[in-house]
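Noted in TrEMBL for the protein shown:
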TRANSMEM  16-36  transmembrane segment
COILED    36-77  coiled coil
DOMAIN    112-248  domain 'CHASE'
TRANSMEM  264-282  transmembrane segment
TRANSMEM  302-323  transmembrane segment
TRANSMEM  637-659  transmembrane segment
DOMAIN    656-709  domain 'HAMP'
COILED    687-735  coiled coil
DOMAIN    763-898  domain 'GGDEF'
Amino acid sequence: MRPGSPSDTPIPWQRYLQALLVFLLASLASLSLLYLHQQQRQAETDQALRQQLRQAVQRFEEEVQQAQSGNAELRRLLARGAEQAELEQLAAQLLTRHPPIVSISTTRKLRVNFIYPLQGNEALLGLDYSVNPEQMSGVERAIAQRDTVLVGPIRLVQSLNLGIVNRTPVFADEGNGELLGLVSIALSLQDTLQRAGLLDLPAGVRLALRGVDGQGEHGQIFHGEASLFRQARLLLNIHLPGGQWQLAADWPQQGLTASRESRLLLACGQLLALVVALLWFHRRRPRSRTVFSSRPLPLRQLLLGALLLTLLPIIAIGGWLAYEHAQRAAEQISRQLADSISERTQDQLQRFFEAPRSVLALNVEQASVDLLDTQQPDALLQRLLLQLRQHPLLTFVSVGLADGQYYAGSRPPMGPDRGLRMLHARPAEQMQMQIHRVDAANRKGSLVSTGAHFDARQRPWFKAARHNGSMAWYEVYAYAIHDQEQAYATLGIGMSAPLHDSQGRFLGVATADIALPQLSGFLAELSEGTQALVFLLENDDQLLATSSTDALYRRQGEQVERLTSQTSDNPLIRAAGQALRDSGDSEGSLHLQIDGQTYHLDWRPYVLAKGPRLTQVVLLPDSQFASAMQALLHNTLYLGLAVLALGLLIALFVSDWVARPLVALNHWAAQLAAGQWQASPPQRSPVREVSDLARSLDQMARQLQQNTEQLEQRVAQRTAELQQANLQLAELSRTDALTGLGNRRHFDEILADEWARAARSGQQLALLMLDVDHFKLYNDHLGHQAGDQCLKTIASVLQSCARRAGDHVARYGGEEFAVIAADCDLARARQLGETILSVLATLGLPHPHSPLGRVSLSIGVAVRAASNQGSAGELIEQADAALYRAKQNGRNRVESDA
Ligand SMILES: Nc1nc2c(ncn2[C@@H]2O[C@H](COP(=O)(O)OP(=O)(O)OP(=O)(O)O)[C@@H](O)[C@H]2O)c(=O)[nH]1
């Protein structure tokens with residue numbers, strides 16, 4: 001590389017700084033993208049894990065239900081007093097069908113009298129639950145609920161491993177008689193969890209379970225850490241016979257370098273940032289030369305530009321990251337809130353729907369022991385009203401007798417007066433429906449209205465109970481009770497069960513009923529303060545209840561048309577229903593855009609035992625978090641703009657502060673350049689670099705001034721020397737080196753000058769041409785050195801003779817001389833020639849080969865009066881001619897014009 005080429009110039013530190021800045025920005029951008037990518041992945045992972053856990057919980061519930069169906073089969077066998085062999089056969093089948101079952105046992109009363117398989121379970125045979133408190137609590141629960149309950153987890157007597165037990169009480173007389181015994185199917189907890197997939201979860205997922213003996217969130221923790229229930233990402237209820245468990249799951253947030261893919265992306269991002277920085281570094285070098293040298297930017301623009309370039313991306317990226325983060329946080333919060341609302345709703349619904357079941361179960365049981373006397377209508381009504389007061393959510397608790405009579409306690413679901421009512425349709429009033437108010441002591445009050453003829457046997461709930469033969473939910477129907485206040489002009493759903501006395505005689509049908517507005521009101525209460533829309537759909541998409549005030553049905557005359565999620569007036573319900581249909585899943589959660597608003601949608605099935613399958617939907621707007629998010633975004637932007645404005649002000653101030661002394665310096669430098677050395681330097685700048693520059697410039701100016709003055713002196717001296725040399729040179733150029741006389745050039749100049757002067761003055765000008773005689777012979781015989789010496793001697797003779805002012809002696813060339821004599825006539829000129837010959841003769845320079853034996857001269861003289869017509873050349877010709885004659889005439893003589 002050539003020294004001093006552009007590549008050799010040092011790279012300013014600013015370029016390294018720029019490259020570093022570019023690297024940092026590119027690195028920040030790549031990190032932001034990676035962060036977003038990771039957040040997306042995290043959201044997907046969260047969603048997938050939630051889905052996986054929900055499905056696992058569902059499988060667990062199914063596993064338990066599957067075992068529960070075995071309980072039902074065994075109960076039938078036991079109720080009809082089957083032989084041991086039959087029990088063994090069924091037990092063997094159940095064990096084969098469902099591997100997690102570890103034992104199947106039955107009791108007579110409370111003592112275990114059958115166990116399968118016997119091997120390994122011998123310890124259980126003969127066990128009396130009544131003396132075994134650990135077992136007895138579960139047994140009591142099953143008897144009290146008259147249905148299967150899940151007990152545990154408990155340590156199984158036979159294996160001491162943790163197990164769960166489905167216990168089913170068996171009563172005589174189709175469930176109405178005394179306790180015959182219990183059917184128990186024990187499952188290995190480990191195997192059941194394993195089969196459900198709850199033990200086979202991705203790495204990092206932590207689980208905890210609580211709710212021993214179905215006590216849900218109030219029950220003991222039996223798996224995992226208690227802390228999980230405070231920080232869980234997911235809380236799920238596990239619905240089990242007679243109760244529920246609660247599952248908490250948590251998993252770690254993925255870091256930026258959690259996966260290999262993320263690490264690879266991170267490395268690629270950083271590498272890319274490095275490449276971008278390097279490209280920038282190399283691209284800037286030539287550009288900086290052309291741009292900055294040809295079109296330099298003002299310092300102020302440069303500083304403002306640099307500041308904008310630095311701050312704007314930082315503010316933009318910072319604001320964007322803050323917004324993204326807030327948005328994700330809002331999404332997560334809304335998801336968690338929707339999750340928790342869903343869970344709470346599911347729990348509360350369970351309690352809600354438990355009310356009709358428990359009231360009905362009590363009435364059925366009471367009837368079976370002849371405690372429900374249908375012959376005493378007043379007492380019956382009192383009982384029904386009492387039950388209604390105990391369950392504030394119920395609309396009707398009623399009994400329809402076998403002959404069509406109807407007795408009910410009721411809470412009007414509509415209208416201004418919600419006080420309890422007593423309803424009856426009995427023969428005394430020709431089966432006309434009588435509706436009376438009821439006072440606080442359940443005494444009959446004023447008549448509200450008298451309705452039309454009413455036959456309980458025609459009502460859907462009555463028919464359903466007769467058809468099912470047992471307690472079951474009946475379909476939604478329109479109330480056939482009309483009063484003046486239209487308090488019952490709505491739809492209801494409930495459970496009904498046939499009533500039998502201790503003799504097994506059919507007494508009628510009992511119902512417990514909930515009006516749909518009450519169910520909706522219940523949902524509204526549940527979702528109060530959350531902005532969530534909660535609604536229940538039946539499997540055929542019909543709306544059962546909604547927390548909003550939207551209609552659930554339309555009346556067209558007597559016809560009632562129920563609304564579905566597609567025909568609802570509420571666009572949110574329509575959009576959510578559409579999302580559910582698009583998804584096709586029985587449960588899930590997703591984000592949904594409705595009219596530009598984001599909502600979190602969570603839906604899950606809700607199964608009513610012996611009733612319809614419902615879907616519980618929760619729709620929660622993100623808007624409640626959006627305002628906080630927007631406030632955060634605005635704050636970030638305002639803060640960013642404030643920082644930017646402040647930065648710009650500082651940049652303006654700094655640029656002015658730095659630029660002003662620089663401008664003054666520039667002005668001063670221009671004055672110095674114009675030679676104004678006395679110009680005063682600008683004031684000291686507070687900026688060190690500028691101050692240093694001013695000092696350097698001052699030193700440079702002083703040095704320059706000194707140098708200039710020295711140079712001027714030297715130039716003047718050199719010029720004088722040169723003039724002197726030139727004069728000497730001019731002198732030399734006119735002098736003959738041998739003789740010291742003027743040379744031919746000098747002769748010509750003098751002759752021209754004298755000729756001009758003579759012409760001006762009108763004087764005569766004489767010219768003598770002198771030539772050494774036989775000089776060749778002189779040289780030939782005496783040598784050239786001697787010849788030279790001879791010529792010098794002749795020159796001194798000539799100079800000594802022509803001493804008058806205006807006489808000029810010159811060597812005309814070779815051995816020929818000339819004498820110019822101004823203001824000289826012929827006589828005088830001839831006289832001068834003669835004098836010269838005479839002096840030379842006197843000298844007697846020896847010349848062996850001259851006839852005279854000495855050196856002599858021949859002289860031609862010409863004299864003319866100079867005029868403008870003639871020329872000096874003519875004078876020379878004249879003198880030459882005279883010289884020629886002198887040679888011709890014998891030499892050593894003077895000849896002239898005639
Ligand atoms: N030593 C010496 N000889 C010179 C110089 N200049 C001319 N000469 C000689 O002068 C001689 C002149 O010779 P010619 O012109 O033949 O004339 P001459 O021999 O003098 O004869 P005439 O003039 O007829 O008397 C030559 O031999 C030249 O070499 C000089 O500077 N030094």
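Glycine is treated like the rest: Cβ placed from N, Cα and C.
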Looking only at the domain 'CHASE' (112-248), how are its residues distributed among DSSP helix, strand and coil?
41 helix, 55 strand, 41 coil
What residues elsewhere in the chain lie close to the transmembrane segment (637-659), defined as a C-beta under 8 angstroms and at least 6 residues from its ends?
298-300, 302-304, 307-308, 311-312, 315, 318-319, 685-687, 690
With a Cβ cut-off under 8 Å, give me the same-chain residues at least six positions beyond the ends of the transmembrane segment (264-282) that come close to it.
15-16, 18-20, 22-23, 26-27, 29-31, 33-34, 37, 256-257
Its residues classified by DSSP, the domain 'HAMP' (656-709) shows 40 helix, 0 strand, 14 coil
In DSSP terms, the domain 'GGDEF' (763-898) comprises 61 helix, 37 strand, 38 coil
Rounded mean pLDDT for the residues that make up the domain 'CHASE' (112-248)
86
